[in-house]
């Protein structure tokens, strides 16, 4: 699929001829056919090696940067999902519009070689600015947004500007008698496109999620490495300058086609008289001014454009791999058993399957179909492909529906969601009482268990005090807690000598807003615990109402609440959710240390952007 899009953006030499000195400048003399160095005595010019390596690095640069772009908008710039999706697709649209500008510059002014060099410099500058926009220490959100938009605009101009030139420039390196070698070159060229995309969409999300910098996902590194690959692409391309065959600009064929169509339409309207004989095709009205060959080619072009009518809809859906499909993956379990797939790594399947299916279809499936006597024409292949694409999008829609069904509802105005966690040594009956002493909620919670789900409670105002009755053994304990609308709460019950007490803590929603994993540790031990969550990530779970003094750059601790018993001999510590820079991965043995003992915790698989509560006993 990637290679098909690249093909559509090529502007190769065409047989179109200028019509007259008035309309089109004279065709410049063809470039000298000087012999160029060959690869190991073959008919392949050595210069194509520089071009193929350049294309591999450039595609790595583009698709690697684009892979993490949606999550960067969502979790670094803190945009909404809709805004992130809109800007992502606006950037993609610009990238596939600027090839028209690049082709015009190359054909009418600079030529392919200089266009590639100059716009690659713009490309590199865009990557540098984009990477600077991902540095948390550089200004605030407004500066990050401005740098990102400027950087993306320059990248769109750079990648789109060189897109129609690179493949065609590689074709220019071959002599006309080596047409077969040129065909094979294009196969290798498109292989390099998909190889660069495959590797980058796999590696770049790992740089974002598995590397910590400035206490968050390392978007600066995820953008910086593709920028470095673009620098390498430019250097490699420039190294072959002395052995390239560089055809001079030959005039913009797009202008000739547009003028031919416009003249045919205007000439037809000027000759509407019934006395003037009709012509076979409406483009034949351009025959007074344009040569027959050009008119025939434009006729062929209009017939081909008819086949392109469904393609915008197809690409509009397919390009959602980097936006809505990536956002969908953030709400799914990426654990494959042997590997945990990051949400932005979902896009790696596209180039991976392209590299597998192209030889599979060409060498196996199509040959078997041909032997069965089935005439599987290109149009039929396109039709079958479109049907399969429709089924694929239907599957994605079905998955989205199922995810939405599993997502917990959100509290409305004058509503809260409440769950109860019982850390006492025996069963506790919990009753929520209303203003008139009526029961709003009654649950029996076993020891070290919690309610199976959040319960919805209605408020009379935006904030309200709820009364709780806790029955433990033969005791009845009454307590009161204040809550606010549209929030999630957990009522934590613990032993307090021979009685019990409770505390109300405000929860995160089911997902965090910055993509990092949110964690709360409840410590039931009698001493402070230090938990090591990485090489530079540690968390102290203290006692006696201490406020966490942790200042590690790899986490942001919002608050710490500690309960202690009256005699100070036992305590319960409860951290309000702490956003930690932990990737979606397994943590089977997290080191912990008390004053007299070292041990480990099995946190299991931590999902991307999820919220967890761990009780240490």
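Placed from the backbone N, Cα and C atoms, the Cβ positions cover glycine too.
Bear in mind that TrEMBL entries carry predicted annotations, made automatically and left uncurated.
Straight from TrEMBL, the features:
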- 1-31: region 'Disordered' (REGION)
- 1-13: compositional bias 'Basic and acidic residues' (COMPBIAS)
- 60-80: transmembrane segment (TRANSMEM)
- 86-106: transmembrane segment (TRANSMEM)
- 118-139: transmembrane segment (TRANSMEM)
- 145-166: transmembrane segment (TRANSMEM)
- 187-207: transmembrane segment (TRANSMEM)
- 219-239: transmembrane segment (TRANSMEM)
- 300-318: transmembrane segment (TRANSMEM)
- 348-369: transmembrane segment (TRANSMEM)
- 381-399: transmembrane segment (TRANSMEM)
Whether the transmembrane segment (187-207) meets the transmembrane segment (348-369): three or more C-beta pairs under 8 angstroms: yes
Maximum Cβ pairs under 8 Å to the transmembrane segment (60-80) - stretch from the list 86-106, 145-166, 219-239, 348-369: 219-239
Range from 145-166, 219-239, 348-369 with most C-beta pairs under 8 A to the transmembrane segment (86-106): 145-166
Residues from the same chain, set at least six apart from the ends of the transmembrane segment (219-239), whose C-beta lies under 8 A from its own: 50-51, 53-58, 60-62, 64-65, 68, 72, 76, 116-117, 120-121, 123-124, 127-128, 130-131, 134-135, 200, 203-205, 207-208, 211, 213
